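**Q** Quick paste of what Swiss-Prot says about this protein:
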type: TRANSIT; residues: 1-61; note: transit peptide
type: DOMAIN; residues: 88-160; note: domain 'ACT 1'
type: BINDING; residues: Asp95, Met99, Ile100, Asn113, Ile114, Asp328, Val332, Leu333, Asn346, Ile347; note: L-valine binding site
type: DOMAIN; residues: 321-395; note: domain 'ACT 2'
Amino acid sequence: MAAISVSSSPSIRCLRSACSDSSPALVSSTRVSFPAKISYLSGISSHRGDEMGKRMEGFVRSVDGKISDASFSEASSATPKSKVRKHTISVFVGDESGMINRIAGVFARRGYNIESLAVGLNRDKALFTIVVCGTERVLQQVIEQLQKLVNVLKVEDISSEPQVERELMLVKVNAHPESRAEIMWLVDTFRARVVDIAEHALTIEVTGDPGKMIAVERNLKKFQIREIVRTGKIALRREKMGATAPFWRFSAASYPDLKEQAPVSVLRSSKKGAIVPQKETSAGGDVYPVEPFFDPKVHRILDAHWGLLTDEDTSGLRSHTLSLLVNDIPGVLNIVTGVFARRGYNIQSLAVGHAETKGISRITTVIPATDESVSKLVQQLYKLVDVHEVHDLTHLPFSERELMLIKIAVNAAARRDVLDIASIFRAKAVDVSDHTITLQLTGDLDKMVALQRLLEPYGICEVARTGRVALARESGVDSKYLRGYSFPLTG
């Protein structure tokens, strides 16, 4: 450095100022001028033939190498950025009006775009399954913010654990007579089901992981897809073989040799009066136990016939199913749910997923309201910039489906009985361990409730459920009007 300080060359003075700056950007920009300086000094040494120029040339080369090594070591010593990947977050909350808006607001204020969201309610509690893209460190900060919300009981990121993940999709596709055979072949290949048949259209129900959904959509594109409605992803942890049974208290039918059956309390109160989940009743908090008792005085959430107008009931309240097409941008869910929250609507069901058009998402929600109030709500939703379409499917014939994953505590002796019950409801076993079995079921609410009632004696450990998804029937057949009527007699 002494040689540099006594030199009067302008290029060397520039080098001294660059060496005194610790900024990597300045070092790299100064290094660009070194070849010019070296060639300049080489020309001086060859012209004069003295050794002073050669020494200066060697000195500049050594300084250039040191600066290059320093900049490389500084870049390599920097902490590597964590990778951005998809995260599955489970949020267990107490059911309260405006809760969805508050949770969506936490993600919106941090610029996260929720890729899918499924909300399944169970009387006074709800389980949110949210899929977002982000880094580990920032997602951990979001989880800490969610835990500060009132009535949020448990928040957990289950992305890195072995899990059973499922999704439900309804696809309405053009089906002309010449292409119907190929479509039915694809339905059998992907183990899908046809839920509605019209003259020139088919509505197909598909369940599986997100990769299967993409494959089905890609193969049906050539037939022109009319509409797609998807639930968010739901997930349950896979139980390890040989592990100790954490759910033995749940199952009286599977473990009848137990001397004492301790009553299972889903929630307990702390000293401060806050409600916290019992540690022994959950495998990790990603799902919630189902209550073994049912109060007939409480309205069943998502009941298709809840609040129907009768001679004794003149309020006109009923469950309305709304379908919205919105832009797929960060914060749009917070804006839409804010309209419901400001008007005091308690959302009973919510399913958010990608629509048939790129950049568009479809929101399917169920709210209790009168026909008059819903018409005003639809007008308010149309005023939002990011909302393209709003349809009230309540008074139209529509296909509705829900997806449920349910984990039952069974041993080897009771496993056969549970599988027999599952076969009646066309449920599938998706995971089996020494002490549990996990079933997958699709259908309407009545089907879900009926299966839960039959499985309660065996011990229901955990339940993950999507909200309701619906598409209007192209056939125009409404099965509601066929209920309660006997088949016509033929002579």
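The backbone N, Cα and C atoms fix where each Cβ goes, and this holds for glycine too.
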**Q** What does DSSP call Val332 (L-valine binding site) in the simple three-state scheme?
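**A** Reduced to three states, the DSSP call for Val332 (L-valine binding site) is helix.
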**Q** Run through the Cβ atoms and count how many others sit within 10 Å of the one on Ile100 (L-valine binding site).
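**A** Its Cβ shell of radius 10 Å holds 25 other Cβ atoms.
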**Q** Counting each residue once, how many in the domain 'ACT 1' (88-160) are helix, strand and coil under DSSP?
**A** 23 helix, 30 strand, 20 coil
**Q** Could you list the residues of the same chain, at least six apart in sequence, whose Cβ is under 8 A from the Cβ of Val332 (L-valine binding site)?
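**A** Listed in sequence order, they are Val326, Ser361, Asp386.
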**Q** Within the chain of Ile114 (L-valine binding site), which residues six or more apart in sequence place their C-beta under 8 angstroms from its C-beta?
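**A** In sequence order, the residues whose Cβ lies under 8 Å from that of Ile114 (L-valine binding site) (at least 6 apart) are Ala104, Phe107, Ile130, Val131, Val132, Leu333, Val352.
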**Q** Taking the Cβ of Asn346 (L-valine binding site) as the centre, how many other Cβ atoms fall within a 10 Å radius?
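**A** A count of 17.
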**Q** Calculate the per-residue pLDDT averaged over the domain 'ACT 2' (321-395) and state the result as an integer.
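**A** Average per-residue pLDDT within the domain 'ACT 2' (321-395): 90.
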